[in-house]
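Note sheet for the following structure.
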Amino acid sequence: MQKLKYLQIVDVIILTIILFGQAIYSSTLSFLNTKGLGDSTLTYTSSLQNFQMIIFQGILILIALTYLYFRRFDFRQWQCQFSLRSTAIALFLFLTLAIMMDLLFFILDENFRNALFYYPWNFSEGVKQIILQFKNFPLILYAVLNGVYEELFFIGICNYVIPKAKKLIFVLSLIIRISFHTYQGLLSAIGIGLFLGITYFWFYNNKSKNLYPIFLSHTIADILGLSIVRYFIIAV
């Protein structure tokens, strides 16, 4: 029997519910409870929470892959190839996206602007904090899984729908990205959803069908947060 190369809209809806239903629900509740301001403390997780999320997401991604298996989806369409060049591209993607987020907050967030101009910068402490993040093994494990988990859906699945539905699914994918990041606040959610969603989609369709640099870029963002400036300003 021939493998399925293009998914239907209903497949994407089912996979959205499997992979992100709980995340969208909990993020929306948090968003409403904080009156749209977001709760920055929710972005910091303990080692136990990271391991719990690894197990939880591991189960969900297995369910999603099982669904695709029974739909006879052609997994061979997915390419994930390591190379030094693609690693460098991943770093470039992360830095570009982080700078875009910093610019977004600089333009629209008065507190961010005030911190940028009126609080001291500490480069040595910022570097130390970045190094500490990469020494956090549970965080790294979860970041790797989460990078694959999210982008396998948004890029690996949403790009392989019936051609006439691809534009609709792309817009839907942006809405989904935003919807489960609202717990961080609306500005962060919109920035993450649009910047990552559009950049990764454009890169995959115009530059390379290799998922590896997208996975790695997202993983780094999960480890460090999608910002550079915040590590070097004491008050941010």
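Yeah, the Cβs are placed from backbone N, Cα and C, and that goes for glycine too.
The annotation domain 'CAAX prenyl protease 2/Lysostaphin resistance protein A-like' is assigned in TrEMBL to 138-223. Counting residues of the domain 'CAAX prenyl protease 2/Lysostaphin resistance protein A-like' (138-223) by DSSP class, helix then strand then coil, yields 73 helix, 2 strand, 11 coil.
Summarising the annotation, TrEMBL assigns transmembrane segment to 12-31 (among others). For the transmembrane segment (12-31), the residues of the chain that approach it from at least six positions outside its boundaries are 38-39, 42, 60-61, 63-64, 67-68, 149, 153, 157-158, 161, 169, 172, 176, 179-183, 186, 189, judged by C-beta separation under 8 angstroms.
As annotated by TrEMBL, transmembrane segment applies to 51-70 (among others).
Residues annotated as transmembrane segment in TrEMBL: 82-108 (among others).
Long-range neighbours of the transmembrane segment (139-162) within the same chain, counting only residues 6 or more positions beyond its ends whose Cβ lies under 8 Å from a Cβ of the stretch, are 5-9, 11-12, 15-16, 19-20, 45, 47, 50-51, 53-54, 57-58, 60-61, 64, 68, 73, 77-78, 133, 169-170, 172-173, 176-177, 197, 200-201, 204-205, 211, 214-223. As annotated by TrEMBL, transmembrane segment applies to 139-162 (among others).
Taken from TrEMBL, the feature transmembrane segment applies to 183-203 (among others). Same-chain neighbours of the transmembrane segment (183-203): 26-27, 30-31, 34, 36-40, 42-43, 93, 96-97, 100-101, 104-105, 108-109, 151, 154-155, 158-159, 170, 173-175, 177, 213-214, 217-218, 221, 226, counting only residues six or more beyond its ends whose CB sits under 8 Å from a CB of the stretch.
Annotation source TrEMBL lists transmembrane segment at 215-233 (among others).
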Legend entry - Averaged pLDDT, computed only over the residues in the domain 'CAAX prenyl protease 2/Lysostaphin resistance protein A-like' (138-223): 97
Inset, instruction - Grab the same-chain neighbours of the transmembrane segment (51-70) for me: Cβ-Cβ under 8 Å, and only residues 6 or more beyond its ends, written as numbers and ranges. - result: 14-15, 18-19, 45, 138, 141-142, 145-146, 148-149, 152-153, 157
Legend entry - Residues from the same chain, set at least six apart from the ends of the transmembrane segment (82-108), whose C-beta lies under 8 A from its own: 116, 187-188, 191-192, 195-196, 199-200, 203, 208, 210, 212-217, 220-221, 224, 226-230
